[in-house]
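As C-alpha cells, the structure follows; a few thoughts come after it.
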Amino acid sequence: MHTKTTMASVRNHSAGSTPISNVLGWGNCQDYLIFPGETALGDGFRAFLYFLGLAYCFIGLSAITARFFRSMEAVVKHGRTVVEIDPLTNREVVRQEKVWNYTIADITLLAFGTSFPQISLATIDAIRNLGNLYAGGLGPGTLVGSAAFDLFPIHAVCVVVPKAGELKKISDLGVWLVELFWSFWAYIWLYIILEVWTPNIVTLWEALLTVLQFGLLLMHAYAQDKCWPYLSLPIARTERPKDWVPEEVASCKHNNSVSDEHTDDIHSREALFKVQLAGPYQIVPGNDLAEAPDEPLNRKIDVEQSHVLLIWKQQFVDAFTVDSTEGRKLNNIYLRVARIFWQTLLAPWRILFAFVPPHQIAHGWIAFICSLIFISGIAYIVTQLTDLITCVTGINAYVIAFTALASGTSWPDLVASKIAAERQTTADSAIANIICSNSVNIYVGIGIPWLIDTAYNYIAYKEPLRIKNAEGLSFSLLVFFATSVGCIVVLVFRRITLGAELGGPRLWAWVTFVYFMLLWMIFVVLSSLKVSGII
C-alpha cells in the first residue's frame, strides 16, 4: 500500500481554494493507494472507490468489535481466591473477588478500547507529521467529531434499545457526575490551550499536562467508587450486580446488529465442545474444563488446550460459512440471497479476524490485545484513504474528520454501548462508555499525538507545535459544549420524570432519539461550515 500524500500537502492543496471549494472542489490528484494506474480513472470515480473502501473499513471495525467485547468481558469476569482468617472462629474463610473494579474497567477497558480506532488514527497522523511545525488535522478533527457522535447518536441508540416500558438507570450517580465533570473539563481545557494560554500553539508542557489528566480522572473516579472521604461526593447509590454482565442475560443471542450477527454463541458452543471432550471425563457444572475428579494436572491441561483449539478451529469454520443454518431456515428466497450476499461481503473480515485467539486463553487478554492490533491496522488504512479523498475531491480534511471519520471510527463505541444497554441491568456501563470515551479522546487521543509532535519539535527545532485552523476547531468546541448541555439536561429530565436515563415508553424514547440526532446534525453542519470558511 503506497501513498505519497502528507497532511502538509493536503493543507497546501486546500489553502489556496475559495471557501466553497474547501467543502467540495475537484482537483488533479496524482497520488494513489495501490498502483499508479488509479490516476487514470478520473477523480470522480476514484472518489467513489475511496469512499467505498472507507465504508468497508468501517464495516471491518464493527465486525472486530464483537470479538473485542467478548475478550473484555472475559478480562472483567476474571476473579481471584482470597483466603482470610475469621478473628472469631480462627478458621480460614475462602472467598472469590473480582480482579477489576467496575468503574476502572468502564474507563480503561471499555472506553479506551472502543476509542482505540480514533486514538490509533490520531497517533498515526502525528507520526506521519513528524518534522512539520503544524499539527495534522485528521486527529483533532476526528476526536472532536467522535465526541459529538458518542454523546448524541450513541445516547440516542441506547435510549431506544431497552424493551418497551423497560427502564435502565445509572446506579452510581456519584461516579457518573465525576466522569461527566472530567469529560466537560477536557473540552474546556482544549479550548484554553487553543485560544487562551498560547493561541494557535501547543507547547510541550501543555501536551504533557493533557495526558497526565487521564490519570487524575482514574484516581478521582476510583475515589468516588470507594467513597473516600473528602474526595467523593456524598450521593446515595444502588449497588450494581455482582456480575458485570449477568449470565442469564449474557447467554441470550442477539441478531440486531452487524457485530452481533457474527458474535459466537459461546455458551452453546462450549457445551457442545464439552460433550465432544467428555468421553471418559466427568462434566462438572459451572466449570469451563471437562475433567475427571482424580485426573492428573497434565491431563487437565491437555483437555483445556484441546477445548480452546476446537473453539479456535470453529472460528475459521464459521468464517468460511456463508449460508448458515439460520439462513437456510428463511422461507423468503430474496432474504436468503441477501443474507448470503452480506455474508460473502463480510467473509474477508471474518476470515482475518478468525486469527484472533479465543477469549478463553489468558482470561481474554490475548484476544483483547489482538483485537486492538487489528483495529490499529484498519485505522492506518483509513488515514490513507482519507488523504486520497481529500486530494481528489478538495474536501477540507476537518470536514471529513467531523463526519465520515468520526462516525466510522466511533462505530465500536456505538456497538459496545448498545450491547451494554441491552445486556446489563443498569445504564452505568453504556453511559460511562460514552462519557469516558470523550475524556479518553482528549486526554489520550489528542494528548499523546500532540506530545509526540511537540517533543520532536522541541528536540529538533526548539519550536512549539502550531495548529492550523485553530479558530475553526475552537468554534467546534464551543458548538459541542452548547449542544452537550442540551443533551445532559434531557438525560436529567428523564431521570426526574421517568426514573431512568434509558428506555421507558416507546413514544418518549423515540422523541429523545430524534432530539439527540438533531443536536448531532447541528454540530456537524455548523462545524463543517466554520472550518471551510463559509461562516
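Heads up, the Cβ atoms here are built off N, Cα and C, so glycines get one too.
TrEMBL lists 50-221 (among others) with the feature domain 'Sodium/calcium exchanger membrane region'.
According to TrEMBL, the domain 'Sodium/calcium exchanger membrane region' annotation covers 364-527 (among others).
Away from its own ends, the transmembrane segment (47-69) comes close to residues 33, 41, 113-114, 117, 257-260, 262-263, 345-346, 349-350, 352-353, 356, 359, 367-368, 371-372, 374-375, 378, 381-382, 385-386, 388-389, 392-393, 404, 407-409, 411-412, 415-416, 419 of its chain (Cβ-Cβ under 8 Å, at least six residues beyond either end). TrEMBL lists 47-69 (among others) with the feature transmembrane segment.
What TrEMBL records for 173-192 (among others) is transmembrane segment.
Here the transmembrane segment (204-223) has Cβ contacts under 8 Å with residues 101, 103-104, 107-108, 175, 178-179, 182, 185-186, 189-190, 193, 197-198, 231-232, 436, 439-440, 442-444, 446-448, 450-451, 453-455, 458, 464-465 of the same chain, all six or more residues outside its ends. Per TrEMBL, transmembrane segment is recorded for 204-223 (among others).
Feature annotation from TrEMBL assigns transmembrane segment to 362-382 (among others).
Look at TrEMBL and you will find 389-411 (among others) tagged as transmembrane segment.
According to TrEMBL, the feature transmembrane segment maps to 431-452 (among others).
The transmembrane segment annotation in TrEMBL covers 473-496 (among others). Beyond the transmembrane segment (473-496), the same-chain residues lying 6 or more positions past its ends with a Cβ under 8 Å from any Cβ of the stretch are 140-141, 144-145, 147-148, 151-152, 155, 159, 169-170, 180, 184, 187-188, 190-191, 194-195, 398, 402, 467, 504, 508, 512, 515-516, 519-520, 522-523, 526-527, 530-531.
The transmembrane segment annotation in TrEMBL covers 508-529 (among others). For the transmembrane segment (508-529), the list of distant contacts is 23, 144-145, 148-149, 152-153, 155-157, 159-160, 162, 396, 398-399, 402-403, 472, 475-476, 479-480, 483, 486-487, 490, 494, 498, 535: same-chain residues at least six beyond its ends, Cβ to Cβ under 8 Å.
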